[in-house]
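Take a look at the structure below.
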Amino acid sequence: MDIRAAEISAILKDQIKNFGQEAEVTEVGQVLSVGDGIARVYGLDNVQAGEMVEFENGTRGMALNLETDNVGIVIFGADREIKEGQTVKRTRAIVDTPVGKGLLGRVVDALGNPIDGKGPIQSTERKRVDVKAPGIIPRKSVNEPMATGLKAIDALIPVGRGQRELIIGDRQTGKTAIALDTILNQKPLNVEGAPEGQKLYCVYVAIGQKRSTVAQFVKVLEEQGALEYSIVVAATASDPAPMQYIAPFTGCTMGEYFRDNGMHAVIIYDDLSKQAVAYRQMSLLLRRPPGREAYPGDVFYLHSRLLERAAKLNEDHGSGSLTALPIIETQANDVSAYIPTNVISITDGQIFLETDLFFQGIRPAVNVGLSVSRVGSSAQTKAMKKVAGKIKGELAQYREMAAFAQFGSDLDASTQRLLNRGSRLTELLKQPQFSPLKMEEQVVVIYAGVNGYLDPLPVSKVRAFEDGLLSLLRGKNVEILNTIRDSRDLSNETAAQLKSVVEGYAKTFA
C-alpha cells in the first residue's frame, strides 16, 4: 500500500485548521471554614460585593463580607455538602431574577426558581434584585386610589397607587387577611381585555412562614381566581436565612418590571420582622458588630432601600406605579420597638391592628385612632371624599365621648345621639373575610351611615340593613352604582336619587 507523505500532511493540516482551543479562565478560591450557612473563602481577590459564587457541588452563595484576607459568603442552600478545601468559583454576575408576565400565576423561591411543579418559567428577561430606587425627578405625588375593598381602610386610611402603607399588629390580628382581601379586590380590574392602566398586578412575598400557611394562601388565591394576576415568592421558615433575606428584594424586582413598563403593581411583604431577624442572624455570623436589640447598624438601610423602590412615576417615565404593603409583627402591642419604629418612619402611614378589637368582634381589627395615611384624601375618589370626611369626624368624637361616658351615667341628649351614631358606624365598618366591596358600594353604605339612616336601628340589625340595601341597589337601582363608578363622584342629582332609595328602603326595613 502506497502512503504519500503529502496526502498525510494535507489531511493533518486540514484537521488542525478546524481545531480551535479556547481556554476558559475562571477565578477560583478555597473554602477556609464553613458552618451555620456561612463560608469563609480565600483567594477570590476580585469578587464584587453581592456577587453570586458557585461551590463545587453546584450550591450558590453570595459574597457579603469583603475582608483583607478572606471573603465572607452566605450560602443559598444547605452547607452540609460543602467541605473545607473545596474550590469556589466566581460567576461574575450580581444576584438576579427572572422578571415579566411569564411569572404571573406562579410560585417561586427567593431566587426566582419555580417551586409549584408547573414546569419552567416562561420569561426571557432577568434583572438584578438589589437596584437603586428611582430618584426625585422621575417621581410624582400619589394621586389615584389603590382600593383594598375594605370599608375601614378605603374610607378612613386610604392607600394610593405608589404609596407605602405599613400593616402592623400582634400575631393573629388579621394582617395577612387584609393583604389577601386586597389581592382579591383587584379581580374586577384584571379582567381580560381591560386597559393596562387600570390593571393592578399583585406580588406576595412570604418570609419565614410555615409551608402549610403559604400553601393555604396559594390555594385561596387559586379558588378565588386571583392567582392568574399574582406572583407568590416564598422563603419559608425552613429555608436558609440568606433566602429569607433576599426574598423581598426578588419580589420587589418582579414588581418593578410592571412599574417601569407603565403598568401598576402592589407588593406585600409578609413580614419584614422575619427578614430583619434573618439579616441579624447573617450579620452576627459574619462577625459584624451588633447594635440595638443585637440588630446590625444597617438594618434601617435594609428596609429603607427596599421600601424606597415603591413609587409612582410621572408621565415622562410611563406613569407606572409600585405600591408596597409591608407587614410588621409586634410583640404585645409594642410599637416602640426597634424594627416597628424604623419601618413606621420609612412608610407613608400605618394600619394598626389590635388584639382587643379582634376579640371584640371588630374585624378588620383596625384601630382608627392610631392608624394614619400620610397621603390622605388625594388617594380617594371625589365620591368617597364626600362621604368619608364626615365619618372620620364622627368616629373621632365618638372615641373621645366613649372614654368620658364610662365615668358618668347621665348624658345629655346630644352626647347620647353621638354615642349611638358612633356605635352604629363602628358596626358598619365591620366586614367578613373574602367579601371586598367595590368603591361605589362602599360609598352608598357609608352614605346611609353618616346621614343617620342607621340611628333608629338596633346595632345587631346594621349588617342586615347593609346587605339588604346593597342587594336592592345591585338589582333594581344598579344605574346609581354605575353612575358613581363611572363619574367617581357623588353629584347632587345622584345623591338625591340615592337619598330617595335609602329612605324608601329604611321605611320598609323598619
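Yeah, the Cβs are placed from backbone N, Cα and C, and that goes for glycine too.
Within its own chain, LYS175 (ATP binding site) has ILE167, ILE168, GLY169, ASP270, ASP271, ILE327, GLU329, LEU353 as residues 6 or more apart in sequence whose C-beta sits under 8 angstroms from its own. Annotation source Swiss-Prot lists ATP binding site at GLY169, ASP170, ARG171, GLN172, THR173, GLY174, LYS175, THR176.
Following the DSSP three-state reduction, the secondary structure of SER371 (site 'Required for activity') is coil. Taken from Swiss-Prot, the feature site 'Required for activity' covers SER371.
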Site of maximum Cβ density within 10 Å, from recorded positions GLN172, THR173, THR176, SER371: THR173
Where THR173 (ATP binding site) sits in the secondary structure, as DSSP reduces it to three classes: coil
Distance from SER371 (site 'Required for activity') back to GLY174 (ATP binding site), taken between C-alpha atoms, in Å: 15
Output field, ATP shell: CB within 8 Å of site CB centroid, site GLY169, ASP170, ARG171, GLN172, THR173, GLY174, LYS175, THR176 dropped: GLU329, LEU353, THR355, PHE358, ALA365
